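K.L.:
Quick one: the structure is below, questions incoming.
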């Protein structure tokens with residue numbers, strides 16, 4: 001096992017941190033606070049943090065923003081975001097929000113990420129956000145969004161969550177949190193078509209998971225191995241992309257770990273988001289719950305990833 005150094009990089013905790021994204025061009029980390037509907041942007045070197053509120057008179061009742069991906073090719077800075085059951089373009093300088101696509105009422109977008117070609121892939125679920133007992137098994141879908149078109153790519157998932165790709169971009173891994181699995185799809189990057197769903201990893205069959213611990217967000221390192229956030233587990237698991245075996249572990253103080261992405265000047269820092277939702281104040285402080293953490297491992301030259309892909313298809 002490698003030796004990891006973990007430290008918080010956020011000044012203040014958030015209720016539900018999600019969607020970490022490393023902007024290579026600006027050397028900034030961004031993530032969202034889902035239920036507060038805010039985007040946080042951090043300079044890890046200086047510690048400076050900018051916060052953008054997405055709440056407006058038109059979306060005040062929207063339950064959450066689960067994702068914010070920086071876009072390119074625009075006259076002003078812009079993010080591609082989710083707002084409940086909508087995908088929208090958000091301009092932080094002006095505060096303008098332009099809805100681009102919707103799914104049916106009663107379903108909500110969950111986590112999303114852009115593939116190496118800059119297209120958005122995003123999952124959905126059916127049920128009341130934040131209330132697990134209302135979630136509909138098999139009520140989730142996987143979508144691809146680019147150039148104004150939302151395409152349904154796979155149906156019958158439950159709570160599709162973290163998404164990542166293999167090192168060569170030919171496989172896509174999708175966490176289904178409700179089923180406690182990681183599914184794998186072959187993907188053609190030219191056409192954005194995917195093959196049949198194949199089971200890759202099940203937390204129900206792995207001794208690294210205990211009790212209520214569930215798989216959540218995910219990212220890939222330069223070897224193609226996976227780094228999986230374990231909600232209620234206070235850890236990130238490193239999973240071999242060929243054998244589906246757990247080969248390493250990062251322990252954290254925060255129990256509700258939500259997602260991770262690689263970043264930093266040399267792409268050898270892992271940024272991890274977490275949540276404090278439902279915890280009493282004393283536990284929030286003790287766990288550093290809701291903070292975003294930076295993980296380093298300078299003795300392992302393979303502890304590196306690739307920069308997060310921006311959205312390039314407005």
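Backbone N, Cα and C define each Cβ position, glycine as well.
Keep in mind that TrEMBL annotations are predicted by a computer and have not been checked by a curator.
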K.L.:
In TrEMBL, which of 1-21, 22-42 is tagged region 'Disordered'?
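P.N.:
In TrEMBL, the region 'Disordered' feature sits at 1-21.
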K.L.:
So, three-state DSSP: helix, strand or coil for residue 128 (substrate binding site)?
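P.N.:
Once the DSSP labels are grouped into three classes, residue 128 (substrate binding site) ends up as coil.
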K.L.:
Looking only at the region 'Disordered' (1-21), what are its DSSP counts of helix, strand and coil residues?
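P.N.:
DSSP composition of the region 'Disordered' (1-21): 0 helix, 10 strand, 11 coil.
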K.L.:
For the binding-site residues listed here (18, 128), which one has the lowest count of neighbouring CB atoms within 10 Å of its own CB?
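P.N.:
Output over binding-site residues 18, 128: least Cβ neighbours within 10 Å is 128.
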K.L.:
Between residue 110 (substrate binding site) and residue 161 (divalent metal cation binding site), find the distance joining the two CA atoms and give it rounded to the nearest Å.
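P.N.:
Cα to Cα, residue 110 (substrate binding site) and residue 161 (divalent metal cation binding site) are separated by 6 Å.
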K.L.:
In sequence order, what residues of the same chain, 6+ apart, have a Cβ less than 8 Å from the Cβ of residue 161 (divalent metal cation binding site)?
P.N.:
110, 111, 123, 174, 175, 176, 177, 215, 216, 217, 218
K.L.:
Taking the Cα atoms as reference points, how far is residue 18 (divalent metal cation binding site) from residue 128 (substrate binding site) in Å?
P.N.:
18
